[in-house]
Amino acid sequence: MVGLLVASPIFASLAKSHNPFRLIGVGLSVWTFATAGCGSSFDFWSIAICRMLVGVGEASFISLAAPFIDDNAPIPQKTAWLAMFYMCIPTGVALGYVYGGLVGSHLNWRYAFWGEAILMLPFAVLGFVIKPLQLKGFAPAESGKAQVVASVSEGSEASNLNDHVSEDISDQASERSIKSIGESRFLNQLSQFSQDTKVLLQEKVYVVNVLGYIAYNFVIGAYSYWGPKAGYNIYHMSNADMMFGGVTIVCGIVGTISGGFILDQMGATISNAFKLLSAATFLGAISCLTAFCLSSLYGFLALFTVGELLVFATQAPVNYVCLHSVKPSLRALSMAISTVSIHIFGDVPSSPLVGVLQDHVNNWRKTTLALTSIFFLAAGIWFVGIFLKSIDKFNEDGENQISVDSKANMKPLLEGNGDNL
């Protein structure tokens with residue numbers, strides 16, 4: 001989680017000066033080697049560091065994959081395509097349980113990590129060797145700047161030679177010049193990141209969307225952590241982990257896909273997205289709240305399944321709003337800030353806070369009812385979004401928009417690959 005939260009904004013910022021498609025390749029490479037490192041770990045700290053680096057690899061996808069999908073999806077099916085992408089999360093969790101169980105029972109746990117790394121390796125390689133896609137709103141680093149820096153450096157060297165300065169002094173000056181250039185670039189990127197973040201926070205539609213997403217994720221995060229324990233204590237489930245896990249995975253897949261297709265049928269607009277978000281979350285909250293009030297296990301499972309289907313229908317619409325409420329050049333950062341926010345203020349604090357509440361009331365039914373009621377807060381926030389003045393900014397030219405002819409010259413992250421493209 002630490003690696004994911006720290007690296008997401010970094011990848012989003014680097015996309016302004018490096019080809020975003022290559023950045024995904026870098027992320028997949030980091031993920032591959034970190035996963036292999038998990039399998040080769042020798043103590044707690046080694047596997048903890050490798051797990052953190054796995055989050056760094058995931059961050060490239062979190063920030064950059066959704067904008068690529070949004071660029072290339074057919075207009076009538078944009079949210080359906082986004083839904084297919086986000087559906088892969090619960091699908092991957094389900095396959096991970098099966099894969100980990102099979103490999104762990106027949107081989108050693110280390111082989112599960114090594115196998116994942118081998119499976120991902122071809123995709124990491126493809127991220128560097130195939131012709132990169134271009135991302136709307138992003139331009140390459142200005143090649144003129146590099147030429148200016150080079151010419152200044154050459155001029156300095158010539159001046160030093162003419163003045164008969166010793167070679168040692170010239171080397172020291174060159175090192176200071178390189179260090180100064182590096183510091184200047186870092187400060188410029190930091191300043192640009194600060195400015196872009198300020199612009200995002202001034203977008204009312206985006207802020208309202210993320211606030212609703214935080215409240216939503218607060219509940220989902222606590223469900224995933226405390227759900228099985230609550231189910232065992234309230235309904236005396238003998239296999240609470242499997243029941244809650246199975247319901248969540250199936251509903252996550254079906255609900256996510258359904259939400260994307262429904263918004264496309266309604267007409268993919270920001271206003272319609274907020275309508276779907278508020279309605280689905282409100283109805284899902286009623287269903288889940290009623291489920292926890294029932295004494296029958298089967299009644300609970302039926303209503304809770306309906307509630308989970310409804311609340312998972314929000315995944316495509318909420319990310320559609322994140323992508324279309326900001327300029328194209330800010331989409332990667334908007335996804336990164338959204339991800340950081342929903343974790344820092346949502347699922348990360350929710351689990352310990354719910355634990356504190358349960359220690360205080362000592363009644364899992366009351367605890368789950370209090371937790372589920374936060375869905376109403378999320379629905380209310382998204383309902384406010386319906387009445388905000390919303391403009392789809394997908395077709396707005398970002399400050400870094402470039403011509404079609406110059407897109408082919410997008411600078412790869414690794415200079416050596418430029419000649420091969």
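One is the number of the first residue shown, and numbering goes on along the chain from there.
Backbone N, Cα and C define each Cβ position, glycine as well.
Here is what TrEMBL records for this protein:
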DOMAIN    1-397  domain 'Major facilitator superfamily (MFS) profile'
TRANSMEM  81-99  transmembrane segment
TRANSMEM  111-130  transmembrane segment
TRANSMEM  205-226  transmembrane segment
TRANSMEM  242-262  transmembrane segment
TRANSMEM  274-292  transmembrane segment
TRANSMEM  330-348  transmembrane segment
TRANSMEM  368-388  transmembrane segment
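Across the domain 'Major facilitator superfamily (MFS) profile' (1-397), the model assigns an average pLDDT of 82.
Highest Cβ pair count under 8 Å relative to the transmembrane segment (274-292), across stretches 111-130, 205-226, 330-348, 368-388: 368-388. Looking at which of 81-99, 205-226, 330-348, 368-388 has the most CB pairs under 8 Å to the transmembrane segment (242-262), the answer is the stretch 81-99.
Non-local neighbours of the transmembrane segment (81-99) in the same chain are 65-66, 69-70, 73-74, 112, 115, 245, 248-249, 252-253, 256-261, 312, 315-316, 319-320, 323; each lies 6+ residues outside the stretch with a CB under 8 Å from one of its CB atoms.
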